[in-house]
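> According to TrEMBL, the domain 'HMA' annotation covers 5-71, 81-147. According to TrEMBL, the transmembrane segment annotation covers 171-190, 222-244, 265-287, 457-479, 500-523.
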Amino acid sequence: SKTISKCYVQVTGMTCASCVANIERNLRREDGIHSILVALMAGKAEVRYNPAVIHPAAIAELIRELGFGATVLENCGEGDGILELVVRGMTCASCVHKIESTLMKTNGVLYCSVALATNKAHIKYDPEAIGPRDVIQVIKDLGFTTSLVKKDRSASHLDHKQEIRQWKRSFVVSLVFCIPVMGLMIYMMVMDSQLSDAHTHHNMSTEEMEALHSSMVLEYQLLPGLSVMNFLSFLLCVPVQVFGGWHFYIQASRALRHKTANMDVLVVLATSIAFLYSSIILLVAMAERAKVNPVTFFDTPPMLFVFISLGRWLEHVAKGKTSEALARLISLQATEATIVTLGPDNVLLSEEQVDVELVQRGDIVKVVPGGKFPVDGRVIEGHSMVDESLITGEAMPVTKKPGNTVIAGSINQNGSLLISATHVGADTTLSQIVKLVEEAQTSKAPIQQFADKLSGYFVPFIVAVSVVTLFAWIIIGFVDFEIVEKYFLGYNKSLSAAEVILRFAFQASITVLCIACPCSLGLA
């Protein structure tokens, strides 16, 4: 007796339908190969062969000789069909048992579980031996009504509108407050450089005096220790911290709950520390009625949030574009198919309308002029022109005659065709394209995974460095106070040495945190 085995081969390097035809044509000629079916998008070939004559490794070698890459897929359960059904009319556990036992006895059903509470049945079957319509018929014969679980065809899970909106809002809020902060900062820088020039050349002109004067306006103290500059920066910084940083805070807290440190944790850590440290230093200065205005970091949070929310916004816009294209693709799928039964000499005996999900491999499907092809298949009878522009982008209709392949979703134009289904359900070209795009969207770019992994080490590392800085300066200060005096300008002379050292050490360590944390890694 001729036993027939089945194997799957992963094929790489196929670019178009003619590659598929080439492989199928050449392999059919070989001894021991019963049939071969190649799926272009999935890059898979399903071969049925006679193990007495040929083995899978030899089959892969034959494909390689044609100029493609080929590897045999071990334990490939991809061939299993999965069926989700709603079963009505079950009353008790014995009904469940009756359905399950009958189905398990049926040839081709691999696994079956029925839940009484939800009226659902989950069935795995071998598409070679049995199809979804046969399974439904078995359940109907037992006296239950059954229907398919309706799939959501709208691709709503790919919608990025809400994220686009929220990141755009974050970006705009941050930008509005960031511009004045940057303006103030640049103005101060320019003025500082003029000041230092003035100190070097003692002969100052009146314009320079005026320039100095205007720079003093920003340094002017509203309250002792609180300059106009710092007060304005503080006011501009608060809304950014709250509105611009809202999503970052949420995501960072989630990450920390799972004991990981990602990008968001970095951003939040840096901005919060910069903001809190600057606020506290201001309060201390006011309490002490300091003459010299403290150095604050209010410019860090707004600028950081601007760059990062802009990046996130652009990323979601790009994703949204792909999703729109995908939703359009999904909407191209036909929802129903006309299945016909043929008698001898291809005489039509009967036809019925069924859901696309119920078409099984080997079914004869009739496609009328103007209709969509519900599944991938081969033409058995009829001549027509077909518009395949959805897959190929070719506007000219393609002639189809018996033996040609057709693609699901393409549109039949002038003749009626009978096709034999070769790829159904999730195996059609269209479903594979949708699946590829979905996978591309959900997977991270390798560089992004690398950055997340790095920031996992980076955050603790920077925190450690700043702690080291803190203790290093405390030790240096107590060993040699003059070094601290040299770098810590304008401190309050009335303070004790220990307090000065502690304050300087804190300032140094916080500066390390503010500067190191976000910038390079986050923005990149």
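Glycine residues also receive a Cβ, built from the backbone N, Cα and C atoms like all the rest.
Predicted automatically and left uncurated, TrEMBL annotations should be read as such.
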> For the transmembrane segment (171-190), could you work out the same-chain residues 6 or more beyond its ends whose Cβ comes under 8 Å from its Cβ atoms?
215, 218, 229, 232-233, 236-237, 239-240, 243-244, 298-299, 302-303, 305-306, 309-310, 313
> Near the transmembrane segment (222-244), which same-chain residues lie under 8 Å Cβ to Cβ, leaving out any that are not at least 6 residues past its ends?
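Apart from its flanks, the transmembrane segment (222-244) reaches 169-171, 173-174, 177-178, 180-181, 184, 188, 271-272, 275, 278-279, 282, 284-290, 293-294, 296, 298-299, 301-302, 305-306, 309.
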> I'd like to know the mean pLDDT over the domain 'HMA' (81-147).
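Overall, the domain 'HMA' (81-147) comes to a mean pLDDT of 88.
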> Which numbers of helix, strand and coil residues does DSSP report for the domain 'HMA' (81-147)?
23 helix, 24 strand, 20 coil
